[in-house]
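Following: one structure in structure tokens, then a few remarks.
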Amino acid sequence: MYHLNQKALLLFSGGQDSGTCLGWALSNFSHIITIGFSYGQRHSVEMQCRTNIRNKISKLSKIWEQRLGEDYIFSLDIFSQLGETAITSELEIVFDKQGLPNTFVPGRNIFFLTIAAAFAWRNSIRHLIIGTCETDFSGYPDCQDNSIKATQLALSLGLGEDITIHTPLMWLTKAQTWELALHLGGSKFVDLIRNETHSCYLNDHTTSHEWGYGCGTCPACKLRKNGWETFLMKKRAN
């Protein structure tokens, strides 16, 4: 899939998934604008990581440097007003009877995509990129393929333009996401993802591990760690 004569807008949080998607976007589109959201997230350090990732990824490739465009951040304080979650307040992370963790922020990706699409429309951009995936441990409803497709249809109808939402990680495991990073930018890009992106729900970006920074115990850290270890095993086997 290549759209090298097209612009695209990437929803960029500073995490592993959106960081990997940045490499994918720069490999597939001629101009990439990034957009981030400050919504009172507990792991606010990821917002600081965004700048470091953007600065360092442009040094990995002249082509990527030429294609990387502007960055925008929007404030969405409304989520904390809608109710507490373990992402927007200091709650202990627990799971309900259906296995859904209280890190789920209801409607978050729908909000994000709606704002991104409105911004894209004003800038004549018809391609959005988001790092959602169904294989993520969480089972967040708004990360699932049918939810993204429904949102794409609603936005296209509501804006009167065909909007395409790209989800390059939708069917990938975390190990496969590490593999994609290696394929896109080699070991230097893997190192950038490992050292500069942030996943930890508890906002720990000081404790270092082989797979990156984090507390090592929250669900996001465990998922990242397990994916890294599986990735290394497959890499060594080959």
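Heads up, the Cβ atoms here are built off N, Cα and C, so glycines get one too.
Swiss-Prot lists PHE12, SER13, GLY14, GLY15, GLN16, ASP17, SER18, GLY19, THR20, CYS21, LEU22 with the feature ATP binding site, giving sequence analysis as the kind of evidence. According to DSSP, PHE12 (ATP binding site) sits in a coil region rather than a helix or strand.
Taking a C-beta cut-off of under 8 angstroms and a sequence separation of 6 or more, CYS215 (Zn(2+) binding site) has the following same-chain neighbours: CYS200, TYR201, LEU202, ASP204, THR207, CYS221. In this structure, CYS215 (Zn(2+) binding site) belongs to neither helix nor strand by DSSP; it is coil. What Swiss-Prot records for CYS200, CYS215, CYS218, CYS221 is Zn(2+) binding site, and it gives sequence analysis as the kind of evidence.
DSSP assigns CYS200 (Zn(2+) binding site) to coil in the three-state reduction, outside any helix or strand. Put simply, GLN16 (ATP binding site) is 15 Å from CYS218 (Zn(2+) binding site) when counted between their Cα atoms.
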